[in-house]
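Please find one structure pasted underneath; my questions will follow.
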Amino acid sequence: MKKFIFHLNQTLAIFTICLSVFLVVCVVWQVLSRYIFAAPSTITDELSRYLFMWVAMIGAAYTTGQKRHLAIDLLVMKLSGKRKILAELFIQIAITAFAVIVLIYGGSVLTIQTLAAGQLTPALGIEMGYVYFCLPITGILMVIYSIHFMLLLVTKKQNSFDVVPEQC
(Lines of atoms letter the chains of each structure in order from A and count residues from 1; the text may use other names and numbers.)
(Lines give C-alpha, C1' and ligand atoms only; values in the text may rest on other atoms or scores of the structure.)
Protein backbone atom coordinates (compact mmCIF):
# COMPACT_ATOMS: atom_id res chain seq x y z
CA MET A 1 0.00 0.00 0.00
CA LYS A 2 2.87 2.38 0.78
CA LYS A 3 4.31 1.98 -2.69
CA PHE A 4 0.92 2.55 -4.31
CA ILE A 5 0.28 5.72 -2.28
CA PHE A 6 3.79 6.97 -3.05
CA HIS A 7 3.24 6.50 -6.80
CA LEU A 8 -0.24 8.03 -6.58
CA ASN A 9 1.23 11.09 -4.82
CA GLN A 10 3.92 11.45 -7.49
CA THR A 11 1.44 11.03 -10.35
CA LEU A 12 -1.02 13.56 -8.91
CA ALA A 13 1.75 16.06 -8.21
CA ILE A 14 3.09 15.84 -11.77
CA PHE A 15 -0.40 15.92 -13.30
CA THR A 16 -1.43 18.96 -11.23
CA ILE A 17 1.81 20.79 -12.06
CA CYS A 18 1.34 20.11 -15.78
CA LEU A 19 -2.26 21.34 -15.67
CA SER A 20 -1.17 24.43 -13.74
CA VAL A 21 1.57 25.25 -16.23
CA PHE A 22 -0.85 24.81 -19.13
CA LEU A 23 -3.35 27.02 -17.27
CA VAL A 24 -0.75 29.78 -16.84
CA VAL A 25 0.18 29.57 -20.53
CA CYS A 26 -3.49 29.88 -21.51
CA VAL A 27 -4.06 32.88 -19.24
CA VAL A 28 -0.88 34.62 -20.46
CA TRP A 29 -1.93 34.04 -24.06
CA GLN A 30 -5.42 35.35 -23.26
CA VAL A 31 -3.97 38.55 -21.78
CA LEU A 32 -1.55 39.01 -24.68
CA SER A 33 -4.19 38.39 -27.31
CA ARG A 34 -6.64 40.75 -25.63
CA TYR A 35 -4.39 43.70 -24.79
CA ILE A 36 -1.48 43.44 -27.24
CA PHE A 37 -3.15 42.05 -30.35
CA ALA A 38 -6.66 43.43 -29.62
CA ALA A 39 -8.16 40.07 -30.62
CA PRO A 40 -9.18 38.09 -27.52
CA SER A 41 -9.01 34.34 -27.82
CA THR A 42 -12.29 32.73 -26.78
CA ILE A 43 -10.74 29.28 -26.84
CA THR A 44 -8.09 30.01 -24.19
CA ASP A 45 -10.65 31.87 -22.08
CA GLU A 46 -12.91 28.83 -21.93
CA LEU A 47 -10.04 26.36 -21.67
CA SER A 48 -8.52 28.23 -18.72
CA ARG A 49 -11.86 28.03 -16.87
CA TYR A 50 -12.02 24.27 -17.28
CA LEU A 51 -8.33 23.81 -16.48
CA PHE A 52 -8.81 25.80 -13.29
CA MET A 53 -11.66 23.49 -12.31
CA TRP A 54 -9.50 20.41 -12.89
CA VAL A 55 -6.51 21.90 -11.04
CA ALA A 56 -8.71 22.80 -8.06
CA MET A 57 -10.37 19.39 -7.84
CA ILE A 58 -7.31 17.21 -8.45
CA GLY A 59 -5.32 19.53 -6.17
CA ALA A 60 -7.94 19.01 -3.46
CA ALA A 61 -7.50 15.25 -3.72
CA TYR A 62 -3.72 15.64 -3.63
CA THR A 63 -3.80 17.87 -0.54
CA THR A 64 -6.12 15.37 1.15
CA GLY A 65 -3.46 12.72 0.60
CA GLN A 66 -0.77 15.05 1.91
CA LYS A 67 -2.81 15.94 5.01
CA ARG A 68 -2.50 19.59 4.08
CA HIS A 69 -6.13 20.40 3.46
CA LEU A 70 -7.90 22.99 5.55
CA ALA A 71 -8.77 21.45 8.89
CA ILE A 72 -9.78 22.61 12.32
CA ASP A 73 -7.82 20.17 14.41
CA LEU A 74 -7.84 21.96 17.76
CA LEU A 75 -10.09 19.35 19.39
CA VAL A 76 -8.16 16.39 17.97
CA MET A 77 -4.84 17.85 19.12
CA LYS A 78 -6.18 18.13 22.69
CA LEU A 79 -7.23 14.46 22.74
CA SER A 80 -4.98 11.49 23.34
CA GLY A 81 -5.10 7.73 23.21
CA LYS A 82 -8.24 6.00 22.01
CA ARG A 83 -10.27 9.20 21.95
CA LYS A 84 -7.84 10.77 19.51
CA ILE A 85 -7.88 7.71 17.28
CA LEU A 86 -11.70 7.61 17.36
CA ALA A 87 -11.92 11.31 16.51
CA GLU A 88 -9.50 10.84 13.62
CA LEU A 89 -11.46 7.81 12.40
CA PHE A 90 -14.67 9.84 12.54
CA ILE A 91 -13.01 12.59 10.47
CA GLN A 92 -11.84 10.09 7.85
CA ILE A 93 -15.29 8.47 7.75
CA ALA A 94 -16.87 11.90 7.24
CA ILE A 95 -14.42 12.68 4.42
CA THR A 96 -15.18 9.31 2.84
CA ALA A 97 -18.94 9.83 3.14
CA PHE A 98 -18.69 13.28 1.55
CA ALA A 99 -16.49 11.97 -1.25
CA VAL A 100 -18.79 9.03 -1.98
CA ILE A 101 -22.10 10.92 -1.82
CA VAL A 102 -21.22 14.30 -3.29
CA LEU A 103 -18.22 13.72 -5.51
CA ILE A 104 -18.52 10.14 -6.72
CA TYR A 105 -22.31 9.71 -6.81
CA GLY A 106 -23.30 13.31 -7.52
CA GLY A 107 -20.41 13.87 -9.91
CA SER A 108 -21.17 10.64 -11.77
CA VAL A 109 -24.84 11.53 -12.13
CA LEU A 110 -23.91 15.00 -13.40
CA THR A 111 -21.33 13.59 -15.81
CA ILE A 112 -23.63 10.88 -17.18
CA GLN A 113 -26.61 13.22 -17.59
CA THR A 114 -24.48 15.86 -19.28
CA LEU A 115 -22.95 13.32 -21.65
CA ALA A 116 -26.41 11.89 -22.41
CA ALA A 117 -27.72 15.37 -23.16
CA GLY A 118 -24.82 15.97 -25.53
CA GLN A 119 -24.09 19.40 -24.06
CA LEU A 120 -21.06 20.94 -25.77
CA THR A 121 -18.80 23.76 -24.66
CA PRO A 122 -19.36 26.87 -26.80
CA ALA A 123 -15.80 27.60 -27.94
CA LEU A 124 -14.00 24.27 -27.69
CA GLY A 125 -16.88 22.06 -28.80
CA ILE A 126 -16.06 19.28 -26.32
CA GLU A 127 -18.72 17.56 -24.25
CA MET A 128 -19.28 19.13 -20.84
CA GLY A 129 -19.40 15.68 -19.27
CA TYR A 130 -15.65 15.41 -19.76
CA VAL A 131 -15.17 18.67 -17.90
CA TYR A 132 -17.34 17.42 -15.01
CA PHE A 133 -15.51 14.09 -14.94
CA CYS A 134 -13.02 15.63 -12.49
CA LEU A 135 -15.66 15.33 -9.75
CA PRO A 136 -15.91 11.52 -9.56
CA ILE A 137 -12.16 11.19 -10.15
CA THR A 138 -11.49 13.47 -7.18
CA GLY A 139 -13.97 11.53 -5.06
CA ILE A 140 -12.29 8.21 -5.86
CA LEU A 141 -8.87 9.64 -5.02
CA MET A 142 -10.12 11.07 -1.71
CA VAL A 143 -11.68 7.72 -0.78
CA ILE A 144 -8.39 5.95 -1.53
CA TYR A 145 -6.48 8.36 0.72
CA SER A 146 -9.09 8.16 3.49
CA ILE A 147 -9.05 4.36 3.45
CA HIS A 148 -5.26 4.46 3.62
CA PHE A 149 -5.32 6.77 6.65
CA MET A 150 -8.03 4.66 8.34
CA LEU A 151 -5.92 1.54 7.84
CA LEU A 152 -2.97 3.32 9.41
CA LEU A 153 -5.13 4.30 12.38
CA VAL A 154 -6.70 0.87 12.85
CA THR A 155 -3.38 -0.94 12.64
CA LYS A 156 -2.08 1.66 15.11
CA LYS A 157 0.99 2.32 13.02
CA GLN A 158 0.60 6.03 13.67
CA ASN A 159 -1.93 8.74 14.32
CA SER A 160 -3.54 10.08 11.19
CA PHE A 161 -2.47 13.67 11.88
CA ASP A 162 1.09 12.51 12.46
CA VAL A 163 1.34 10.87 9.03
CA VAL A 164 4.16 12.34 7.01
CA PRO A 165 3.20 12.06 3.32
CA GLU A 166 6.69 11.00 2.27
CA GLN A 167 6.42 7.98 4.58
CA CYS A 168 3.15 6.79 3.06
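In case you wondered, yes, glycine gets a Cβ from its N, Cα and C as well.
What TrEMBL says about a protein is an automatic prediction, not a curated fact.
Annotation comment: TrEMBL describes 12-32, 47-64, 85-110, 130-154 as transmembrane segment. Here TrEMBL flags 23-154 as domain 'Tripartite ATP-independent periplasmic transporters DctQ component'.
Give me the lay of the land around each of these features.
Within its own chain, the transmembrane segment (47-64) has Cβ neighbours under 8 Å at 9, 12-13, 15-16, 19-20, 22-23, 26-27, 30, 95, 121, 123-124, 131, 134-135, 137-138, 141-142, 145-146, counting only residues six or more beyond its boundaries.
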Give the nonlocal contacts of the transmembrane segment (130-154) in its own chain as ranges (CB under 8 Å, at least six residues past its ends).
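Distant Cβ neighbours of the transmembrane segment (130-154) are 1, 5, 8, 12, 50, 53-54, 57-58, 60-62, 64-65, 67, 85, 88-89, 92-93, 95-96, 98-100, 102-104, 106-108, 110-111, 114-115, 121, 160, 163, 168.
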With a Cβ cut-off under 8 Å, give me the same-chain residues at least six positions beyond the ends of the transmembrane segment (12-32) that come close to it.
40-41, 44-45, 47-48, 51-52, 54-55, 58-59, 61-62, 65, 141
What are the DSSP helix, strand and coil residue counts for the domain 'Tripartite ATP-independent periplasmic transporters DctQ component' (23-154)?
107 helix, 2 strand, 23 coil
